[in-house]
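*Asks:* If you scroll down you'll find the structure; I have some questions about it.
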Amino acid sequence: MLMSRALCRSWLPQVARRCHANVNVPILRINSGHPAARSCRQIHSNRKQSSNLKPTTGEPAAAEQNTPVPVNNVIKAVAFTGAFTVGCFAGATILEYENTRSLILEKARQARFGWWQSRSLADRDYWTQIKQDIRRHWDSLTPGDKMFAPILLCNLVAFAMWRVPALKSTMITYFTSNPAAKVVCWPMFLSTFSHYSAMHLFANMYVMHSFANAAAVSLGKEQFLAVYLSAGVFSSLMSVLYKAATSQAGMSLGASGAIMTLLAYVCTQYPDTQLSILFLPALTFSAGAGIKVLMGIDFAGVVMGWKFFDHAAHLGGAMFGIFWATYGAQIWAKRIGLLNYYHDLRRTKQK
């Protein structure tokens, strides 16, 4: 097998086991020096919920057979995905407008008060210098790093929350996606920032950082954010639909569905980019071939019912990335109508 799981959206045992990503990680690296890897999301079986998660021996837990998923939950999941996706892209459009407006106003202010900006640092107070240093450091980051940093922070906060015993029940309810649970919608989103194992978190963030800059440069920060967040929920929906179809309800968590979207988007946009496996630099292959192999593995996992990873979520994320690489430019161009409407609305309120 060309590559195995480093990025995993795996299936966790809901009661008897802890989320544990104890897997070997053959990681890919883009020849330009940026690392790439495989994604994983973890899954739990749908046993009676308990806030006491016992240590695992490292063996994956199989989802229980013949556990029905309520039809109402599936309908809610589909409706939430549609509404969330529309909201993300509408919000990204408004954010783009506000960022552009702020940039224009800032340039105008600098042109008018350039003498103030030209003062030496010695004439400024200590805190102003600190803020200026932080701003300069932030401005020196690549577009990908600027998108990666806040997403990493959110994942680290969620990871720390798993370590607080008093929050364990809340984390299970809202930060794991389970189609048979009472709360279905928001966990589809929050679970994409949730990792229980340090290895799981490291593998996913490592891969995301590898592809973030290529995606951010191609998409722009607002579109990148909308695609990433929407892809996370869409991959959760694919997991929900698969579990409903196979009557294998269980909890899932991990960022790999959204990351697979970035990976598939970049590999589709730049299919001739050469990838190599970390520690095996002599073995190279094209990005186009790599994504086909990864999707083939996930397709086999879905068809054969493999339980260690959430293959449906992986496959859904990859499909979203390929779709956006193919049709995203045309869809994103349609935001102009909303931009004009928001501009007129904002101007009306200012009168």
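All residue numbers here begin at 1 and follow the chain in the order shown.
The backbone N, Cα and C atoms fix where each Cβ goes, glycine too.
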*Asks:* With respect to the membrane, does Swiss-Prot record E98 and L219 on the same side?
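*Replies:* According to Swiss-Prot, L219 sits on the same side as E98.
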*Asks:* Specify the count of other C-beta atoms within 10 Å of the C-beta of H314 (active site).
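*Replies:* Total other Cβ atoms inside 10 Å, all chains included: 35.
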*Asks:* If you draw a 10 Å sphere around the Cβ of S256 (active site, nucleophile), how many other Cβ atoms fall inside it, taking every protein chain shown into account?
*Replies:* 36
*Asks:* Cα of S256 (active site, nucleophile) to Cα of H314 (active site): how many Å, rounded?
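*Replies:* For S256 (active site, nucleophile) versus H314 (active site), the Cα atoms are 7 Å apart.
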